[in-house]
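Colleague: What follows is a single structure, and I will ask about it in a moment.
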Amino acid sequence: MTNSISNLELPHSVSLLEKMAAESIENGPFTYVHSGSGNEITLKANIDAFESWQIVPKYLNDVSIRDTSSKILDTTFPNSFALAPVGVQSIFHPEGELASARAAAHYGVPFIASTFTSHSLEEIATHLGDTPRWFQLYWSKDEELAISMVKRAEKAGYSAIVITVDTSLIGNRERDLNNGYSPLKLGKGSANYINDPVFLERFKTRPSSDDKGVIEKIGDVLFNPSLTWEDLRTIKKHTSLPILLKGILHEEDASKAMDYGVDGLIVSNHGGRQLDGCISSLEALPPIADVIQGRMPILLDSGIRRGSDVIKARALGASAVLLGRPFVYGLAIAGEQGVRQVLKNFINDIDTSLALTGCTSMSQVNKSLIRRKK
Ligand SMILES: Cc1cc2nc3c(=O)[nH]c(=O)nc-3n(C[C@H](O)[C@H](O)[C@H](O)COP(=O)(O)O)c2cc1C
Ligand SMILES: O=C(O)C(=O)c1ccccc1
């Protein structure tokens, strides 16, 4: 299997994509994307949750013209999904985020750049054209550095900051630990650090991305387990961009987010990679939607695999979703072309699912169209 397949025809199901990705790249990076933490109970629960809800379609509505878009804050999501922030994409394909950014731009799918990318946020932006982009922040222990990254994101045209709250430290990913595989230690996600003026100030000479000192320093400051709700005030002081919290699962946290002036939520358990045994994101969604009552947008990820999943998430209260592992499999198989194929198939599936639910627009998808399986 090669990493550059022309006239490519990728399978339509994520389980087959996963198999092809496993054959395309080394075991270390494949296991890194594929696996979850602990006994992978939450990883599995994410998929099971989508199977435990059933769409109840309504027919004879003239669905010949359809609109799959949704608007979140000031961003239009043409197909009601964006690419989830995924770090260190060069472990899957040498072009990493640049390939996935170009594929996203091809379809106008909004792109969320991770803090821990293989290419800098500025370079990624140059591959996105005018496609909407948000920046996901791992709020560093080094506050000045965190703020510097936010300022850089503003300057590079990122229109929202996504703060991931479920990663006070990295989950116990047993398979990666057994493999002795850690992208953090490989220096493959250093680009935003070694291109940051504040980070560079901490060094006497300009370091390279795989410099041992750099890797150690990033490891020291990447996550910040001492963060509290009050710290949100600091970030709001330094940016006028909207702020979304990614990783919210408890309705009391959703309510607190409202109190602290957050602009949106991403209901997520990080794809079952953080706390194993925690609730699936789809199960967490209805109580959160009840608390929020439409006062801020709610997005959801963790387990989105096909178009009907988008309909289910919308019916239970999410405005849009994030696509994670499936696009990474496309990247691993064939770089930009691989991601393009995954996006094309997913976009078609969303449109088909909307029509077959009996709706002409995502705004018509509501609670009346979904029931829990008995
Ligand atoms: C390889 C990999 C790297 C990830 N890196 C990040 C990251 O840097 N920041 C972040 O907030 N989430 C990260 N995530 C989590 C995704 O944004 C998303 O929540 C998750 O993939 C959703 O689960 P699913 O892919 O099973 O649908 C990563 C996920 C994977 C698979
Ligand atoms: O692997 C992840 O899920 C993740 O969020 C992450 C964390 C640090 C570096 C790269 C990715």
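FYI, residue positions are counted from 1 along the chain as it appears here.
Placed from the backbone N, Cα and C atoms, the Cβ positions cover glycine too.
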Colleague: TrEMBL records Tyr32, Tyr138, His270, Arg273 as glyoxylate-binding residues. Which of Arg102, Arg173, Arg233, Arg314 is assigned to the same site?
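Modeller: The record-listed residue among the candidates is Arg173.
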Colleague: Counting across all protein chains shown, how many other Cβ atoms sit within 10 Å of the Cβ of Gly303 (FMN binding site)?
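Modeller: Summing over all protein chains shown, Gly303 (FMN binding site) has 28 other Cβ atoms within 10 Å.
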Colleague: Taking ligand 2 as the reference, state which of the binding-site residues Tyr32, Arg173, Arg273, Arg325 have a Cβ closer than 6 Å to one of its atoms.
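Modeller: Checking each Cβ against ligand 2, the ones under 6 Å are Arg273.
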Colleague: Among the binding-site residues Gly87, Gln136, Tyr138, Gly303, name every one whose Cβ is found under 6 angstroms from ligand 1, counting any of its atoms.
Modeller: Gly87, Gln136, Gly303
Colleague: In the structure shown, which of the binding-site residues Arg173, Lys246, His270, Arg305 has the fewest Cβ neighbours within 10 Å?
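Modeller: Counting other Cβ atoms within 10 Å of each of the binding-site residues Arg173, Lys246, His270, Arg305 gives the minimum at Arg305.
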Colleague: If you run the three-state DSSP split on Lys246 (FMN binding site), which class comes out?
Modeller: strand
Colleague: On the Cα atoms of Tyr32, Tyr138, Arg173, His270, Arg273, which are listed as binding glyoxylate, what is the maximum pairwise distance in Å?
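Modeller: Looking at Tyr32, Tyr138, Arg173, His270, Arg273 as a set, their Cα atoms extend up to 19 Å apart.
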